[in-house]
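Reviewing the structure listed below.
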Amino acid sequence: MRRLTDSFILGLAKGAVIPGLYPFRMTEGRSSLEQIGVVITVAISFLLTFKKFDPRFYKPIGDFKIVFLSLMAAKLPSFLSAVVMICLIFSEMRLRMILSRCVLIMPSYSPAVFTGMMVSLFFKSQMFDDYSVLTTTAFLLPFTLRYGWMIRSSGFLISLQKYRPILKSTSFREVDLKYLVKFTVEFLLLFTILWIGKIFLSMPKSNHLFFLTVVNNVFFKLNVFKAAACAMVAILSGLMMNVCLYRIIFEAFLGLGFSSIMLTLSSDLKDRSFYAGDLLNGFFCLVVCCMYFGV
């Protein structure tokens, strides 16, 4: 029962933290230079998550406070708001990195994690925009309070011994280069189709919560190339008939393609000596950046 509860708590927190969501919203109507500045900030904060880190000594209360105060201050004048958003993105990236590692390191139930994420994502819909500060902090609070007990569990400490930081010199020697090339090609294919869809389907400004839910699917996998082909058919159909249904179909198949890659990475690399959680976190952040930037 405790494992089930902890898994649900991790899912709530993962769904509440979408790195870059609020900073990318700030780029609407801004100059190209300002947009480039946001992307650079996101990239730097992402790279900093790869530094040497021991989850046993992490205290999430610091990032929790920053996220809460940053969201509270989001309506400040533009310059101050930009400074606040920089602080927010750094904390979001770190929280997401911690959560990605914990989900893989700690014994957890994937369906419970997914259910928690769906609950959090539902409350990020536009009907709850006025309560975004309340809902985000409410879903992060259980993880913040529970983290200390989680990492002291025997299962966590035993599993932690298998892992080393991703930048260890011996980490990538254990991975077949052809294996990484295959995933890189699949990443690039889906990212290219995503940008094509954004250009030709006139995707509206929204939270894309349906897409994010499908991306985090843990129940079944679809061949990436089949998913890409179906997404292209949806784009062509949307060009001929401007119906929102095709945008939904496009996001569904594209999300299934991304989730298939993440599921394969999670299952194949989980027992390797480096943090598969770092790869999954980086992949998710790239997907968010590609989907939200410039929409």
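Note that Cβ sites are derived from N, Cα and C of the backbone, with glycine treated the same way.
Because the structure is a prediction, the values reported are computed rather than measured.
Features as listed in Swiss-Prot:
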type	residues	note
TRANSMEM	33-53	transmembrane segment
TRANSMEM	66-86	transmembrane segment
TRANSMEM	103-123	transmembrane segment
TRANSMEM	131-151	transmembrane segment
TRANSMEM	183-203	transmembrane segment
TRANSMEM	218-238	transmembrane segment
TRANSMEM	243-263	transmembrane segment
TRANSMEM	274-294	transmembrane segment
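Spatially, the transmembrane segment (218-238) is not adjacent to the transmembrane segment (131-151); fewer than three Cβ-Cβ distances between them are under 8 Å for residues at least 6 apart in sequence.
Here the transmembrane segment (131-151) has Cβ contacts under 8 Å with residues 6, 9-10, 12-13, 15-17, 55-56, 58-61, 64, 67-68, 71-72, 95, 99, 102, 106, 119-120, 123-124, 157 of the same chain, all six or more residues outside its ends.
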